[in-house]
Amino acid sequence: MTEPVYKRILLKLSGEALMGDQGAGIDAEILKRLATEIDELCQAGVEVGLVIGGGNIVRGAEKASEGLDRVTGDHMGMLATVINALAMQDALENLGRPVRVMSALKINQVCEDYIRRRAVRHLEKGRVVVFAAGTGNPFFTTDSAASLRAIEIGADLLIKATKVDGVYSADPVKNPEAKFYTRLTYDEALDQRLNVMDTTALVLCRDYKMPLRVMNVFRQGAVMRLIRGDDIGSLLVTG
């Protein structure tokens, strides 16, 4: 069996990835499938950190546009990510995989506080670490949280798992002529305003030379093939 190319990864999942076709909430079958794939990565010797968005439950920015205070909306979004993190923890533990949920907000009755050194130690012991509550601050996306945590834990690769195959010059659903990028620099993505991650997340990755792979989470086994060395999705690097 081919040895994994990456020893430690940070996998960013959108909250929408968990809801399937339901429109909201968590699809139990999709949750189980994603947990199974993550467990297989661990069995292959990869240390896995996770950041899961909360868009399947609530989006703070959207609530703000509806009249809710932005900070309050963002705090609601952070709590939504904790709900998703606990669901993933349960799904992984049902497979026998040890997991720790670490929150940027203090919720000691349900998860640990985020402490970088402790998180790294959990990873070294083969535990999946799910980083919840974003950065713990309003106005920052979970994409920014994923970039930050990937840098902090010294991940070899940040993977953004999406519903599309990678980075395009435009929405491929709306524009069949959209160009697919197999590789590009962060500066190119920023200059062209490509819809990859928000500016803060991209600049963090660029400045700290964190490679980012954007790929389709719904192609079963794709993450494992990537870890084994296949060229899947789009790769973003510091120029």
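Any Cβ shown, glycine's included, is placed from N, Cα and C.
For K12, L13, S14, G15, G55, R59, T162, Y168, D171, the entry in Swiss-Prot reads ATP binding site. The secondary structure of T162 (ATP binding site), as reduced to three states from DSSP, is extended strand. Neighbour density for T162 (ATP binding site): within 10 A of its CB lie 22 other CB atoms from the protein chains shown.
The region 'Involved in allosteric activation by GTP' feature in Swiss-Prot is assigned to 20-25. Residues 56-57 of the same chain sit 6 or more residues outside the region 'Involved in allosteric activation by GTP' (20-25) yet have a Cβ under 8 Å from a Cβ within it.
Mapped onto three states, the DSSP output places N137 (UMP binding site) in coil. If you draw a 10 Å sphere around the CB of N137 (UMP binding site), it holds 15 other CB atoms from the protein chains shown. Positions annotated as UMP binding site by Swiss-Prot, on the basis of sequence analysis: G54, D74, T135, G136, N137, P138, F139, F140, T141, T142.
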So of all those binding-site residues, T135, F139, T141, which one's Cα sits nearest to G55 (ATP binding site)?
T141
Assigned element (helix, strand, coil) containing G54 (UMP binding site), judged by DSSP:
coil
For K12 (ATP binding site), name the DSSP secondary structure in the helix/strand/coil scheme.
strand
